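*Asks:* Input: one structure, supplied below.
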Amino acid sequence: GSSHVDAASPPDAPSSNPPAAPFSSSPPAAYSSWPPLTLVHWPFLTLALFIHVILFVTGKNVTFVTKVDSSQMLRKPTMKWLKGKWMDLGSKAGKHLQFKETYDRNTKIYTYEMTIVKVVDGDAGGYRCEVTSKDKCDSCTFDISVEDAGEDAGELDFSGLLKKRKQKEEPEIDVDVWEILKNAKPCDYEKIAFEYGITDLRGLLKRLKKMKKVEPKKSDAFLKKLDPAYSVEKGKKIQLSVELADPNAQVKWLKNGQEIKPSAKYIFESVGGIRKLIINKCTLADDAAYECVIGEEKSFTEVFVQEPPVTITKMLDDVHVVVGEKVEFEVEVSEEGANVKWKKDGVELSRDGKYRFKKDGTKHWLIINEATAEDIGTYYVYTSGGESKGELEVEEKELEVLQSIADLTLKAAEQAVFKCEVSDEKVTGKWFKDGVEVIPSDRIKMTHIGRYSGPLTATLIDSCISKLTSSLTSPILLYYPLCSFLLNGDLPVGEKMLFRVTAVNIAGRSPPAVMAQAVTIREIVERPKIRLPRQLRTKYIKRVGEKVNLVIPFQGKPRPVVTWLKDGAPLDTGLVNIRTSDVDTILFIRQAAREHSGQYTLSVQIENMEDKVNLEIQIVDKPGPPIAVTVTDVWGFNAALEWKPPKDNGNCEITGYTIQKADLKTKEWFTVLEHNRRPSCTVSDLVMGNEYTFRVFSENICGMSDDAGISKNTAAIAKTGLQQNLKPYKEKDMCSSPKFITPLVDRSVIAGYSAAISCAVRGHPKPKIIWMKNKMIIGEDPKYLMQNNQGVLTLNIRKPSLFDGGKYTCRAINDLGEDEVECKLEVRVLKEKEEVKK
């Protein structure tokens, strides 16, 4: 049994299946009646989810399918399946979680599938599928709820179910059992289950428990608590933030129950009611539970540090060797210190006598000292973000006969020696005579020396050539029908010896040929070889004043000539003592000084043969003090410091700095930070009202510098509430061109009665006002009275007559511009007066 979540086509594409109905929050009567679960895809990075909660039974399989239209994309989209907020399920792929990706070239649609095999309780939770392409992103979420199979689940008796029964038509009553259970007391659950025919009461109660919403407890101290979880990549910084109801409340930050103190790693910030914890350069050790505590109230969260997957930058190569040779598989990964697993044909390899593992930075090696036929196979290397494989082929050595058996002719009762030389020292030979194997006896002896499968020494009765050995007056060589001989005997070194040669055939011996002068026996030459100790293969570091005693063995015959050089020049024996014996040489320095640092070259020479090695000796000392220590900024209770590295680094790398502070009143020094790697830092928790000075020590592998760099200036922490730094007042430019805000209004007045027209204007500087009648300036006419009160302009006309009617204009002018308004004034005469005149 398995469940399947499929994806529908885009809205504009023809669909053969009708869209699925939304998933109801009320559970169905049986699992078989669930509606289909559908993830619907829209064109170009848009996903829509019609379901919110999906219920599954433990032990069943479920498959989720989503489709992405890539017709408008320039490159392939990236799909991620996530659980919770940050957990990437791609790294959990295996037997339980399986992922599949297909691409249809005709429709240009990518299909992504995620299958959960045999659902368990741990699979419950919120999921999200996220697709990205360049700067576009879309996602859809859904929840999975897992429920145990009911007690009555199992095989059904279909023969009993198919039996014909008489159906009684009864009116169906729509009863919501869920609402009844929600509002009922726990003691009434069994009664309700019996009344409504519920058989799986246990499963029903589990589902009811999940459906009940728990009201979150309202916090009096926190306006905004920490998020349930945070995620950050290794090496980056993260910020945890809460908002407090009381801005003056004191908070404590805890990590796994232990209080955190402010440092360069952990920085506390306070802005109003917001409190922040900033963690710099997160490592795997920062993956923990954190708390923010105010009195008795707490806010919890978890920080997950994601380690980027380690990829393989240089793949394994196939290796082809001969039996007995050394095998090395080399691989290079993206990060140092990565965990690497080696496997052969699917079986993980462990460190034992046969296999050795070696690593140097990002390079890793699998070493097999002596390969055999059993080592043939496929070797795999695995990292957290990649894998590689290489084939190992081992061939048997081809046996070659370097010197075959020679024919011998000897006299009766004389000794015969047969020799055979082969290429492999470990191969043993068998001797045959006329096809019959020769068995060792008192008369026949067999030996195996080095690469020789013989000699086979036998005393024969037939004719043969004899081997004669004697002193100076006796024959000492084998009688071979050759013209040159090689004598490997125990001859005394340094002695002068004479040799003579006699030719022998069937007829007898010839007179001996004697050498004109004696031959000096010289020692066998052995090629010089320096046996450099392991600790001298890398840089040899010593502190100033310590002893340096290097013993370097070598081999070679006769005694080689030993030569020491420093930086390419002959070594000054006044500064360094050199002692040389037949088997080793010693370099001794009673008290090391910095001038002893450099590259030393040891040369061992015998005639025209030479062997050389280079030694790197570094004499280190404590560094000097940092320079230019300066307080660059002071804010709140914090001070920022900067300095420059010391001029004298002690002939090695500066590993860190130690910062100390002192109050000018007490002048007692306290350590603030240790092993600070940057030439800058921030000192927190300074006391209000005090003035501080700082000093900085340098550190290297020898320790801290003897002297410290003292800050040139001090950091004065001002008392809050006593100083008020007002921002300088910037006067606003109020200049503007004239603008009438209230225009003139057309009026009709009665002749003989005084009238007034008014308007309002604004402008800066104060504009000049000009009144006009019919475009003619009124000027100082006593009939008109012009007033200006705070920008309100009024023109009074005394006892107007019919002659005063017309168009009046008010014009305002200043340096920035001008504006004008106008109106029409009508003067009329009363009818009564007109009749009287008549």
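Cβ coordinates are placed from backbone N, Cα and C, and glycine is handled just like the others.
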*Asks:* Per TrEMBL, which of 1-22, 199-220, 727-748 is region 'Disordered'?
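*Replies:* Feature region 'Disordered' in TrEMBL: residues 1-22.
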*Asks:* So which of 43-145, 216-311, 528-614 is most in touch with the domain 'Fibronectin type-III' (625-718), counting Cβ pairs under 8 Å?
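*Replies:* Looking only at 43-145, 216-311, 528-614, the most contacts with the domain 'Fibronectin type-III' (625-718) come from 216-311.
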*Asks:* DSSP on the domain 'Fibronectin type-III' (625-718): how many residues come out helix, how many strand, how many coil?
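*Replies:* Secondary-structure breakdown of the domain 'Fibronectin type-III' (625-718): 0 helix, 52 strand, 42 coil.
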*Asks:* On the 0 to 100 pLDDT scale, where does the domain 'Ig-like' (43-145) sit on average?
*Replies:* 79
*Asks:* Using DSSP, break the domain 'Ig-like' (738-826) down into helix, strand and coil residues and give each count.
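*Replies:* Looking at the domain 'Ig-like' (738-826) with DSSP, the answer is 3 helix, 58 strand, 28 coil.
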